[in-house]
Ligand SMILES: Nc1ncnc2c1ncn2[C@@H]1O[C@H](COP(=O)(O)OP(=O)(O)O)[C@@H](O)[C@H]1O
Ligand SMILES: CC(=O)OP(=O)(O)O
Ligand SMILES: [Mg+2]
């Protein structure tokens with residue numbers, strides 16, 4: 001078994017699994033190039049603990065923080081490996097040895113700082129879930145054409161997903177390293193992939209097409225997908241529970257974080273998004289360019305760049321960081337712009353302009369707007385970016401409650417539109433891990449008393 005009973009519904013999942021759920025928690029993991037974000041989710045409600053190991057990149061400063069707690073340095077003990085701790089469920093030394101061997105064989109992600117983070121995570125999970133885990137749910141950015149619902153990550157699935165790495169080079173290789181490492185750390189627990197692309201799987205065909213000859217796109221699998229789907233699925237659930245205008249309504253969801261995208265939602269379903277074939281399209285981001293005239297790429301290729309240098313430029317050296325010449329972090333840019341830093345001012349202006357242009361385009365696709373919602377690190381915290389977009393859309397009748405906007409700091413769901421606004425405006429702190437955990441639990445439940453086979 002490799003799919004949920006209703007994959008599309010799992011992709012849009014808006015509610016936790018109700019009564020008679022397996023009491024064991026699900027560990028949700030989001031492994032990136034430099035961080036390992038995690039949360040332990042009971043059958044209903046938010047994570048009972050969540051946290052992040054960061055600074056795991058080569059030469060980084062490894063750190064560990066549980067939500068609500070202080071940041072600590074993460075000690076690295078080079079001799080210890082993932083399997084050295086007792087595996088959950090008390091399988092003992094044999095499993096530990098197998099895990100150690102698997103970790104060594106699979107190599108990636110099982111050494112140094114990442115290994116230390118896993119050690120710490122494993123010990124924390126043992127403390128918080130003495131009854132063991134139901135599953136480990138992995139946020140995987142790209143699910144490809146088959147990624148329309150959660151899947152057990154066996155060797156075949158990992159091989160298929162690894163082939164998608166060039167489409168999401170900042171994410172996919174690290175997501176899959178995380179799967180291999182967690183599989184070594186918890187060898188008796190099903191590893192389940194939950195895809196950013198799944199929420200968009202039902203978009204109309206016209207949104208999937210690229211304006212290229214079908215002979216070039218179809219065989220090569222060139223099409224648009226859309227990303228940040230776990231985040232959008234979370235917002236869908238929160239807004240459905242709070243807004244009478246969600247059902248049947250036209251909503252623009254803005255996930256503005258390090259990666260940034262917009263999603264047009266009609267009657268709860270994704271109908272268009274700014275990200276497409278890769279997580280490079282659409283809005284300007286922390287270090288990614290977003291949409292770029294293809295003529296620029298042709299010019300650069302003809303004048304000394306190659307695929308590798310363009311990948312570096314477009315994914316890592318552009319966006320807020322590249323334009324400002326200073327930082328990918330909005331907080332740094334606001335502070336610098338206020339001191340007169342021209343690069344920071346230019347980056348903020350371009351970010352806002354790109355956001356407005358794309359918002360206008362998706363609003364046109366929707367034929368109007370009933371609801372606008374912000375999430376992601378910038379969307380949840382940056383009142384100035386939110387105000388800028390709402391001012392730009394004022395011609396549609398959007399009005400902000402300035403005080404509510406300033407007060408919304410990403411701690412809780414807030415409504416920030418003024419009484420005379422024609423459109424509801426919300427700030428919704430996202431929880432991608434909760435959606436991944438929910439999807440993994442649904443997949444386990446759909447497989448009946450027999451859990452999904454281990455990977
Ligand atoms: N208080 C804040 N004000 C403005 N921007 C913020 C604030 N906190 C975080 N951010 C922005 O959010 C970004 C990270 O977003 P996040 O969604 O956490 O990213 P990731 O994709 O790594 O999960 C930071 O780089 C920064 O630009
Ligand atoms: C898809 C994507 O851009 O993800 P993130 O925002 O986590 O970088
Ligand atoms: Mg993110």
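Glycine is treated like the rest: Cβ placed from N, Cα and C.
Just so it is clear, the model here is predicted, and its values are computed rather than measured.
Looking at 1-24, 25-48, the range annotated in TrEMBL as region 'Disordered' turns out to be 1-24. Residue 256 (ATP binding site) is 14 Å away from residue 432 (Mg(2+) binding site) when you measure Cα to Cα. Proximity of the recorded positions (37, 196, 256, 258, 329, 331) to ligand 1: a Cβ under 6 Å from the molecule is found for 258, 329, 331. The distance from the Cα of residue 228 (site 'Transition state stabilizer') to the Cα of residue 196 (active site, proton donor/acceptor) comes to 5 Å. Within its own chain, residue 37 (ATP binding site) has 29, 30, 31, 50, 51, 52, 433 as residues 6 or more apart in sequence whose C-beta sits under 8 angstroms from its own.
The Cβ of residue 258 (ATP binding site) has 18 neighbouring Cβ atoms from other residues within 10 Å, across all protein chains displayed.
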